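A.B. asks: Have a look at the structure that comes next, please.
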Amino acid sequence: MKILSYLLVYRRFLLIVLTPLLLLPLPLIIKTKEAECAYTLFVVAIFWLTEALPLAVSALIPAFMFPLFGIMGSKEVASAYFKDFHLLLIGVICLATSIEKWNFHKRVALRMVMLVGVNPAWLTLGFMVSCAFLSMWLSNTSAAAMVMPIVEAVAQQIIRAETEADALEMPCSNGSINPALELDENIGECESSDWKEKEKQVNGYDNNVGSTVCITEKENEKEKEQQNLPPAETGRKSREDKYSGIFKVMCLCVAYSATIGGLTTITGTSTNLIFAEHFNTRYPGCQCINFGSWFILSIPITVIILLLCWVWLQWLFLGFDFKNMFKCGKKKTAREEASAQVIREEYKKLGPMSYPEIVTLVLFILMTLLWFTREPGFIPGWSSLFPKYKGYATDSTTALVIGLLFFIIPAKTFSRTSNGENTVFGYTPLITWKEFQSCMPWEIAILVGGGFALADGCEVSKLSEWVASKLTPLGSLPLWLIILISCLIVTSVTEVASNPATITIFLPILSPLAEAIHVNPLFILIPATLCTSFAFLLPVANPANAIVFSYGHLTVMDMVKAGLGINIIGVAVVMLAIMTWIVPIFDLYTYPSWAPNIPSTNSTGL
C-alpha cells in the first residue's frame, strides 16, 4: 500500500519521465524524419492530454527537439511561436482589459436581464443572452466569472424573499438562524474560492474544483440538522427545496452560454483563433476565413444551440410550462419581485455611464465595424483602399490600432470644482501595461505557438504527406459520416483535455485527411473546430464549468445529465449547418484551387 501511495503522489513525475523513454524506440528503429517528428508529436500530445506539465511548458518541447533531430533550424522553429494570431490576441485583450476595469460588462449583463423580465424562464434566457454576448468579445472564463456573481445575488435575494414570506406565516422558534444571512456569508467565501479556481486554471496545474469544500462542509452539517426539524421547519425546508431547480438552471445557463457565445466570433475563443491561423498558414491562397465570414456562418449555429439549450435545461429541471411563460398580466410572485428588485438595485449602483465606459463602448463598436467591413465579400471593403498592398492588412491590424488607443486615450477628464476652477488630474490612460499583463493569457499564446511549430515540423518532415497517404481509404465512406466521426472524436477528447490542446492536435491530422479524400478542407475543419468547444459534461472540462460548479448549487451528476444533452444538440446543429447554409458560403462541394491537388481514389458519397 505504501508503494501504491508513492506511485500516486509521483504519478505526474513518472509520466513525464516514462513517456519519452517508452516512445524512444520509434525514432531509434525507424530512422526517418517522419518517425522523429511523430515521436515529438506523440510526446507533446500525451503531455497536453494528461497535463503532466503545464500546457505552455509542453508547447516548448518542439523548440529544442526539432533542432536536435535536424527537422528544422532553431531560428525557423522560433519564428513559428509568434504569428499574426498573437497580434490579434493582444488587440482583443486590450479591449477586454478596459471592459473589465471599468465594469462595462456588468452594465451590459444587467441591462439585458432587465429587458427580458423576471419570469424564471425569461430571466434564465436573459442571463444566457448577456453571458453569450460577453463571451463573443471576452474569454469564456471571464464571461462566466463576470455574470455568475449577478446570478448568485439574484438567487440569494430569492431565498431571502421566501424566508421573509415564511416569517409572516409562522413564528420563528427561539434561537433560529436566519438562512438569508447565513447564505450571504457563504457568497463571499465562495466568490473568493471562485477566483482561486480561475487562477489555478490559468496556471495549468490544478483542474480539481477544490473550492467546493466551503459548500459541502456546510451541506453535511445541514443534513444532520434536518433529521431533527419540527414539522413547521420541515414544511419551510420543502418550500426551499422547490426552488433549487431554478438555481441549477441559472448556474448551468451561465456555464453553457459562456461556451456557446464564444463560437460566434473568430476572436470569441482560442480554438477559433487557432483554427484561423492554422488555416491561413497552411492555405495562404485562400482569404475566405475572416471575422465577417466566420460570423455569418456561426451566428445561426449559436442562436439555435442557445435556444435549444435553454429549452433543454428548462425541461430537465423545471418542466416547460408554456402557459405560464407566455401568460400576460400575471401577478408577480415573491420570487419574481425579489429578482427584479435585486437587478434594479445592482443597476442603480452603477450610476450613469462614466467617461471611460463611453470611450470603451465607442472603441468596441469601432473595432467591430472595422472587422466586418475589411472584406465583407458582397461589397468592396476598406482594404480595397490599398490595392497595391492586397492581403497585407488583416483582422490583427484593426485589433492593434484600436488596442493602441486604449494606452493613449486618458481615463479622466477635467472636472470643475465649486468655485468654477478646473481640477487637473495626472495623465492615466484607459489601461496600463500592468493591467494588460494581468489579463493576457500568455499560456494560450505559447500553447498556440507550439501547435504552429508542430504543424510546420509535420510539413517539413513530410509526416503530413505520410498521414494523408494512409487516410486515403477513408474516401470510400460517405462524407457526412466522415464529418460526424471527426466531430464525435473531437467532442469526446475535449471533455478530458483542454480545448486549445485538442484543436492543436487534430488540425494537422484533419487537414491531410481532407486533402487525401479530395474534399474541401473547410468541410471537415469547420465542424471539428466548433465541436472542440463542446466541453459541457464535467466541472473540470473547462474553466467556465469549474467557476459555476464552485458556487455549490450543482452536483457532478447535474452537470453530466445536462451536458450530455447539450453535446448531442451541439453536434446535431453543427452537422445541420455544415450540410446546408455553410455550403454556399464557401462553395464546399467544389475542391478549391488553393488546396493541394493530391492524386486520390476518392469515391466519397454525399
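Note: Cβ is positioned from N, Cα and C throughout, glycine not excepted.
Automatic prediction, not curation, is the source of TrEMBL annotations.
Note that the coordinates shown come from a computational prediction; the quantities given were computed from them, not determined experimentally.
Below are the features I grabbed from TrEMBL:
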- 12-30: transmembrane segment (TRANSMEM)
- 42-69: transmembrane segment (TRANSMEM)
- 81-99: transmembrane segment (TRANSMEM)
- 119-138: transmembrane segment (TRANSMEM)
- 219-238: region 'Disordered' (REGION)
- 246-274: transmembrane segment (TRANSMEM)
- 294-317: transmembrane segment (TRANSMEM)
- 354-372: transmembrane segment (TRANSMEM)
- 392-409: transmembrane segment (TRANSMEM)
- 479-510: transmembrane segment (TRANSMEM)
- 522-541: transmembrane segment (TRANSMEM)
- 562-586: transmembrane segment (TRANSMEM)
A.B. asks: Would the transmembrane segment (479-510) and the transmembrane segment (42-69) count as touching if the test is at least 3 Cβ pairs under 8 Å, pairs 6 or more apart?
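C.D. replies: Taking Cβ pairs at least 6 residues apart, the transmembrane segment (42-69) and the transmembrane segment (479-510) are in contact, with 3 or more under 8 Å.
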A.B. asks: Quickly jot the same-chain residues contacting the transmembrane segment (294-317) by Cβ under 8 Å, restricted to those at least six beyond its ends, or write none.
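C.D. replies: For the transmembrane segment (294-317), the far contacts come to 121, 124-125, 128-129, 132, 245-246, 248-249, 252-253, 256-257, 260-261, 263-266, 272, 276, 372, 526, 530, 561-562, 565-566, 569-570, 573-574, 577, 581-582, 585.
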A.B. asks: With contact taken as 3 or more Cβ pairs under 8 angstroms (pairs 6 or more apart in sequence), are the transmembrane segment (562-586) and the transmembrane segment (246-274) in contact?
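C.D. replies: Between the transmembrane segment (246-274) and the transmembrane segment (562-586), which are separate recorded stretches, there is contact, as judged by 3 or more close Cβ pairs.
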A.B. asks: Using a Cβ cut-off under 8 Å, which residues of the same chain at least 6 positions beyond either end of the transmembrane segment (354-372) come close to it?
C.D. replies: 91, 95, 98-99, 101-104, 107, 137, 290-292, 295, 382, 395, 398-399, 401-402, 405-406, 409, 411-413, 430
A.B. asks: Rank 42-69, 81-99, 119-138, 246-274, 392-409 by Cβ pairs under 8 Å to the transmembrane segment (522-541) and hand me the top one.
C.D. replies: 246-274
A.B. asks: Same chain, outside the transmembrane segment (392-409) by at least 6, Cβ under 8 Å from its Cβ: which residues?
C.D. replies: 84-85, 87-88, 90-95, 97-98, 266-267, 290-291, 359, 363, 366-367, 370-371, 374, 383, 386, 429-433
